Amino acid sequence: MITSFIHRFSSPKSFVEVTARFFSYVMYLGLFLLATGWIWGLAFAPEDAIQGNSYRIIFLHVPASIFAQLIYFFMAVCALMHLVWRVKLAAYLIKSSAPVGALITFIALFSGSIWGIPTWGTWWQWDARITSTLILFIMYLGIITLHSSFSNAEKADRLMSILVVVGVVNIPIIKKSVDWWSTLHQPASITISEAPSIDLSMLYPLLISISGMGLTLIALGILISKLYIITREKTKKWVQNYV
Amino acid sequence: MFNFAFSSLHHFLIMDGHGIYVWPVYLVSILLISIGFQVTIRKLKALSKKIKDA
């Protein structure tokens, strides 16, 4: 019953048609929230007592870091769906999410490195948080490369899913690295289980930036998925009717 | 909460010497995300045209 439900609602055709309906709303709302969060954070949030104005990178770095990990987690769920239930769309979504994940992980690494110069006195340190995030970036590139290196797309889907599932072990390591090891990186400013450690005047624009970044990346993901699905299924009749 | 945090536009851009770190990070990120959208939209249009013409 679960299998028939999943297969019924996870056809590539349904995905393309359903996401096309709300793509514009997601993209424009995402860009609006991102602009609001960033303008609020850059111009109106107060200066940090310790880090001065360099802390304003937080409104980009934290959303980027959160989604660098969340996208991989999403890919791992899709990989399980593909391996267990042979859901074709799940493999398409992994392949389409990997470039988005690589992009946002690069932004997280880049913004963190620049932020490190005024706060730590160095742009790079081989500590647990930064190294595990670099490994995440390499994982994303590896997934893209692995899939592209096979001529048999179905076989590539399966191997890519296995690699994604194996690599998910890195996510809790990134998350807990600041607690498990001595590191230059500060602990999480906001967690689900505890009260935030930053002032509300900084927290609100940060939450808006996180929401905006999430929606913007979902919009980009939808767009790349559509491109990939049409590429993979271009010989199918529904694609020829759709374009 | 909605008071401009700087005394002038110049101060806002300089950010007490931290603007040199803050602004490039935002500009590069905006550029990369925009390229992501642009490249995908362009490829999608080209692919749709190719399928239609075939």
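Note: Cβ is positioned from N, Cα and C throughout, glycine not excepted.
If you look up TrEMBL, you'll see A:26-185 marked as domain 'Cytochrome c assembly protein'.
Marked as transmembrane segment by TrEMBL: A:22-45 (among others).
Annotated transmembrane segment per TrEMBL: A:57-85 (among others), in sequence order.
The transmembrane segment annotation in TrEMBL covers A:97-117 (among others).
Feature annotation from TrEMBL assigns transmembrane segment to A:129-146 (among others). Non-local neighbours of the transmembrane segment (A:129-146) in the same chain are 65, 68-69, 72, 75, 94-95, 98-99, 101-102, 105-106, 108-109, 112, 156, 159-160, 163-164, 167, 170-171, 173-174, 177-178, 183, 185; each lies 6+ residues outside the stretch with a CB under 8 Å from one of its CB atoms.
Per TrEMBL, the feature transmembrane segment maps to A:158-174 (among others).
Per TrEMBL, transmembrane segment is recorded for A:203-229 (among others).
Averaged over the domain 'Cytochrome c assembly protein' (A:26-185), the predicted model reaches a pLDDT of 94.
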